[in-house]
Amino acid sequence: MASTWGENIKLSIFGGSHTEAIGVVLDNLPPNEKIDMEKIRVQMARRAPGKDKTATTRLEADEPQVLSGLFNGVTTGAPLAAIIANTNTRSKDYSDLKIHPRPGHADYTASVRYDGANDIRGGGHFSGRLTACLVFAGAVCRQILERRGITIGAHAYAVGSAKDTPFDPVNVSKDDLNALNTRFFAVNSPKAEEKMRAEIEAARLDADSIGGIIECAAVGVPAGIGSPMFGGIENVFASILYGIPAVKGVEFGAGFDVACMRGSENNDAFYYDENGLVRTKTNNAGGILGGITTGMPILFRIAVKPTPSIGREQHTVDLTTKTNADLTIHGRHDPCIVPRAIPVAEAAAALALMDLLR
Ligand SMILES: Cc1cc2nc3c(=O)[nH]c(=O)nc-3n(C[C@H](O)[C@H](O)[C@H](O)COP(=O)(O)O)c2cc1C
Ligand SMILES: C=C(O[C@@H]1CC(C(=O)O)=C[C@@H](OP(=O)(O)O)[C@H]1O)C(=O)O
């Protein structure tokens, strides 16, 4: 499987939702970087399952066990390897799904691709559980990036029809991002969180699920990072963001809205600020021109689909009898993926920047 990523750093993720553990190897990190395990735990806890009514009831400690690459609290330069135990599995919920693939999940395509040998339990290697590994690796990288003046933060931009206050594309600051990037279900406006929780609860009570959008920003990234044609910021970010299960769209800056703008409206006018730095008056470009950073905040949004495993009866097929069938899924699923995926988006951004800066 293509579970290895990165040009300059090498990220490799292994395991399945119900295997003994999942794990991650991250290679070519700079040596002698101090890594605070407590900061890693804060990020892991933001994503961990079993948190509240917006999440799956599967409860996992998500305590990473570092096997190598850290010694006396600093990176050694050797591959950093960690595992995270799977303890609260309930594999019987999945016994029927090899025959009756879940609409919206990877059961059918995985079975075709891997000749039926794929581990179906908990979604196997396709599970959102694997994002615990992304968060671990991202939590390491973001500590290194912080020391280089880079701060990353994200919030729930939308859940169903409930919307949060978006980032100010020009002035989003380190303080704004630091107010978000250690929180569960981070939002700019508490009112928005209330409305989002109501949307999630309504879907849950309806034996259904709901999607949304996560907005993420990185500030302090100097101008001049990234390369044409395929090594640009958009290329590198998109390739890791699409590795997050359930992500179906990625947009940068004004994104798809540019399609209905005129050039005079979309172009971000340059000016020199009081420190002699080139800045732009607007930031429709999301901090990226020609794949290269402008020095303005990098801004992107990801569209997260509604959780495929829902409680309602659905139509599927029986792969053994080759007939149409009905399916009722038994299991513990997130009614909405957005709240738990916020730290995952930040982690992906940290990995992308680490790769681009290395
Ligand atoms: C943090 C996170 C949690 C998820 N939780 C669930 C879940 O509880 N149930 C489910 O069916 N899918 C869940 N997903 C989504 C599926 O893993 C995903 O839809 C599936 O692997 C198919 O991949 P695709 O949606 O990218 O096509 C979750 C994804 C993430 C990132
Ligand atoms: C365990 C996690 O989320 C899981 C992601 C997931 C899926 O299909 O993606 C399905 C569920 O797995 P299970 O049926 O084993 O409970 C979620 O609980 C996690 O994110 O740590």
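We count from 1, first residue shown onward.
Placed from the backbone N, Cα and C atoms, the Cβ positions cover glycine too.
Caution: TrEMBL annotation is automatic and unverified by curators.
Since this is a predicted model, take the numbers as computed values, not measurements.
Features as listed in TrEMBL:
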- Arg47, Lys53: NADP(+) binding site (BINDING)
- His125, Phe126, Ser127, Gly290, Lys305, Pro306, Thr307, Pro308, Ser309, Arg332: FMN binding site (BINDING)
TODO: Measuring Cα to Cα, tell me the gap between His125 (FMN binding site) and Arg47 (NADP(+) binding site) in whole angstrom.
DONE: 18
Open item on the list: I'm trying to understand the geometry here, so how far is the Cα atom of Ser309 (FMN binding site) from the Cα atom of Lys53 (NADP(+) binding site), in Å to the nearest whole number?
Closed with: 16
Task: Around the Cβ of Ser127 (FMN binding site), the count of other Cβ atoms that are within 10 Å - done: 21
Task: Among Arg47, Lys53, His125, the most crowded of the binding-site residues [Cβ within 10 Å] - done: Arg47
- [ ] Give me the Cα-Cα distance between Ser127 (FMN binding site) and Arg47 (NADP(+) binding site), rounded to a whole Å.
- [x] 14
Task: DSSP-derived class (H/G/I helix, E/B strand, else coil) of Ser127 (FMN binding site) - done: coil
TODO: Sort Arg47 (NADP(+) binding site) into helix, strand or coil using the DSSP assignment.
DONE: helix
TODO: Please find, for His125, Phe126, Ser127, Gly290, Lys305, Pro306, Thr307, Pro308, Ser309, Arg332 as listed binding FMN, the greatest distance between any two Cα atoms, in Å.
DONE: 44
